[in-house]
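Features of the protein shown, as given by TrEMBL:
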TRANSMEM  126-148  transmembrane segment
TRANSMEM  160-188  transmembrane segment
TRANSMEM  200-222  transmembrane segment
TRANSMEM  234-251  transmembrane segment
TRANSMEM  336-358  transmembrane segment
TRANSMEM  370-391  transmembrane segment
TRANSMEM  403-422  transmembrane segment
TRANSMEM  452-474  transmembrane segment
Amino acid sequence: MSYALMKHPDGLLCQVFISHAWAEGLFELGDLVWRAWPRLQGIRNMYCCLLANPQNLDIGQLLSGPPKQSPFARAMRSASHVLVIPNETVSIYTRLWCVYEAYLGTCWHKTCLMPTQPKKVVRRSVVARTIILPAGFGLLLGSAWLLFLSDNRVLTHKMATMLMFLCVTVTALCFAVSLAMKVTAFMFTKPCRLWVKMMVIRTLHILLLSLCTTVACAWYIMKHREYPSPWQQFLHYFIPLALVLFNLLRISQLNQQRLEGLELSTQAGHLQIRTLDEATCTNPTDELRIREDIRGHEADVDLTIRVLMKAGAYNDSLRNAFEAGLDISGIGNTDLLAKMGTAILIWVLAIVDSAGFADNYFSCQFGNVTWLYLSIALTILMTMLTPVLIWRLHLRGQHQSGFAVKVWMNCASVGLGIPLLVQIETHLLTAMHFLEKEMEEPQNDELWCPPWYGWFMVSIFRPMVAVLSAVAAVPLGGTLRPSYLGGSWYLVTTLNPKP
């Protein structure tokens with residue numbers, strides 16, 4: 001009796017098929033399966049030959065028929081996903097049965113996944129180096145600032161305002177460069193874009209996190225003028241928090257992208273094989289039957305393996321995109337929870353900013369209060385609805401949800417970043433103006449109202465981005481086809497009329 005039958009005598013429906021080479025340790029196998037597992041789909045049962053076969057019996061009789069009638073093939077036919085588990089010892093595609101499983105996955109249009117999520121220990125190490133240490137260093141410098149310069153009120157005000165203005169300007173510059181690189185991606189090679197993104201922009205965000213944390217210490221502790229508008233008072237305290245969180249989230253995004261790319265490269269290297277002729281089988285009879293079955297389809301199997309190594313996943317849509325010459329690098333990553341959580345947090349910050357901005361109507365009688373509240377309600381609705389739509393899309397295909405969450409994250413950065421940076425720049429310029437006048441007049445109750453473009457950014461631009469992000473991220477139906485835009489491939493919906 002096998003271990004699986006001992007645990008479940010009545011058997012279970014196979015939902016996930018594990019393709020591996022019996023060359024890894026049990027804990028390594030478990031870790032890789034956990035990192036490749038298709039989440040958010042209600043999938044629980046898997047078939048792993050290591051646990052499903054009775055190891056103390058001769059199962060040659062079960063494999064004596066055609067390979068497509070073997071227990072392995074029958075289990076794979078009922079499964080919706082195939083997890084391809086590489087290992088450091090040997091490529092699994094030097095094993096002929098694993099090659100045959102790749103062939104069946106192609107014939108039966110299965111979704112194949114690789115463990116592209118980085119290890120937890122690697123994530124913790126990167127978070128410590130790029131987030132915890134810079135933020136801690138910023139807190140240390142901020143504490144030293146308060147200790148030695150807090151007595152000089154004018155100098156503290158001037159330094160804090162100027163450094164906060166510098167933080168905002170450089171953050172906006174990094175964000176603008178990131179957007180420009182997405183739009184003009186066709187003008188630069190991928191290695192060049194990755195170098196700028198990871199070595200320049202990510203490094204600047206790390207330095208900005210430390211600087212913004214330093215300034216925030218002085219910003220919150222120092223005495224400041226009483227602003228005549230509650231919104232200006234809110235924005236004064238919201239600025240450091242928003243800058244720290246925005247830079248932190250951008251670092252998290254870039255770290256995730258970098259670690260996923262490195263992990264995919266590592267796992268793909270473990271699958272590397274020069275030719276399928278190198279694959280062997282311990283049973284000569286099985287080898288003859290398998291080679292007879294896949295004769296004439298070697299090129300299809302080789303293409304399946306190359307798509308899997310490039311994207312971290314395989315299905316018909318990814319194969320079509322790869323054959324069309326489009327870049328599918330890393331599109332099959334399965335870590336939706338972290339990405340959706342980051343996007344939701346960004347949209348929540350945007351909603352908080354919009355709610356604080358609503359005070360302008362009562363102070364300045366500027367704009368339409370009904371439209372402003374409708375825009376806030378619409379942004380909240382899209383923030384709640386889009387994750388549900390992405391999850392529904394995830395049930396239809398891994399690549400579709402991966403594309404959707406990527407679009408939603410980019411739109412979240414735009415929806416929060418552009419309006420907020422406009423408000424902060426205007427507020428800081430006003431603060432410096434008030435500071436200069438405060439030297440001459442101890443009290444100044446001048447009411448400051450936002451410019452028209454600030455109102456437009458919050459009440460019109462932000463909800464439009466929220467709606468467009470849901471429309472662009474979530475296909476409404478029909479057949480997906482690959483499309484090329486800005487140096488990357490995207491999945492575009494082609495609506496098919498119902499019969």
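Heads up, the Cβ atoms here are built off N, Cα and C, so glycines get one too.
Using a cut-off of 8 Å between Cβ atoms, the transmembrane segment (370-391) and the transmembrane segment (126-148) share fewer than three residue pairs, counting only pairs 6 or more apart in sequence. Within the chain carrying the transmembrane segment (234-251), a Cβ under 8 angstroms from the stretch's Cβ atoms is held by residues 130-131, 135, 164, 167-168, 171, 174-175, 202, 205-206, 208-209, 212-213, 215-216, 219-220, 224, 227, 342, 345-346, 349, 352-353, 356, 359, 413, 416-417, 420, 423-424, 427-428, 431, all 6 or more beyond its ends. For the transmembrane segment (403-422), the list of distant contacts is 168, 171-172, 175, 179, 182, 242, 246, 250, 253, 331, 336, 339-340, 342-343, 346-347, 349-350, 353, 379, 386, 389-390, 393, 453-454, 457-458, 461-462, 465-466, 468-470, 472-474, 490-491: same-chain residues at least six beyond its ends, Cβ to Cβ under 8 Å. Away from its own ends, the transmembrane segment (126-148) comes close to residues 156, 202, 206-207, 209-218, 221, 244, 248, 251-252, 255, 259 of its chain (Cβ-Cβ under 8 Å, at least six residues beyond either end).
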